[in-house]
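For reference, the structure discussed in these notes is given below.
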């Protein structure tokens with residue numbers, strides 16, 4: 001089984017241009033970070049319940065996060081256009097799509113998100129990958145596929161914060177977004193599903209939202225210490 005998404009890092013500044021000064025991050029304002037739709041202890045919610053198979057737990061949660069993140073993006077999709085978001089950017093990090101042959105594709109944010117969502121949709125509805133019938137076994141590659149799915153779902157969440165938080169505020173959905181982000185981050189940390197280096201771009205937000213949510217130590221400090229210099233130049237991925 002193969003996953004349709006590939007991601008590689010390319011060092012250096014594209015076109016040799018200096019990045020524009022980073023704008024003030026509205027989503028870090030205390031009046032907005034305090035907004036949640038629930039005060040539930042997410043650390044307990046993400047833990048593997050007794051008598052539940054790990055793959056079943058990963059499959060159930062990953063599918064749920066996919067639907068919720070897809071729904072959250074749909075609320076601002078009309079503002080995420082080829083003109084407003086000419087690249088898939090999160091702060092000073094720019095993501096590129098890599099097809100099955102490893103060809104690098106520079107695409108707009110809505111194109112990138114469409115690639116992610118259509119690929120994940122194909123996987124979570126594939127009985128050979130996400131089995132729902134009794135007695136059906138998960139493939140040996142299941143965990144690695146879940147990790148790739150979660151990495152790209154994180155890209156979508158981060159783009160919403162980075163480029164469309166004003167629209168989210170206008171729709172009064174920032175409480176939903178904060179709750180979803182907190183739940184998702186604690187889940188991927190609990191099972192080490194995404195490399196902390198991948199989520200460094202949003203470490204400032206993660207620290208604020210997850211510090212009071214019982215976040216585990218694996219990852220809570222790994223990226224934070226490096227975040228100061230991480231945003232000083234444009235990165236490609």
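Backbone N, Cα and C define each Cβ position, glycine as well.
Note: TrEMBL annotation is automatic and uncurated.
Database features, via TrEMBL:
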{"type": "BINDING", "residues": "80, 85, 159, 164", "note": "Zn(2+) binding site"}
{"type": "COMPBIAS", "residues": "211-227", "note": "compositional bias 'Low complexity'"}
{"type": "REGION", "residues": "211-237", "note": "region 'Disordered'"}
Name the residues of the same chain, 6+ apart in sequence, whose Cβ is under 8 Å from the Cβ of residue 80 (Zn(2+) binding site)? 73, 109, 110, 113, 159, 163, 164
Might you list, by sequence position, any residue in that chain lying six or more from residue 85 (Zn(2+) binding site) with a Cβ less than 8 Å away from its Cβ? 108, 109, 110, 159, 163
Around the Zn(2+) site recorded as 80, 85, 159, 164, what other same-chain residues have a C-beta within 8 angstroms of the site's C-beta center? 76, 79, 84, 109, 110, 113, 160, 162, 163
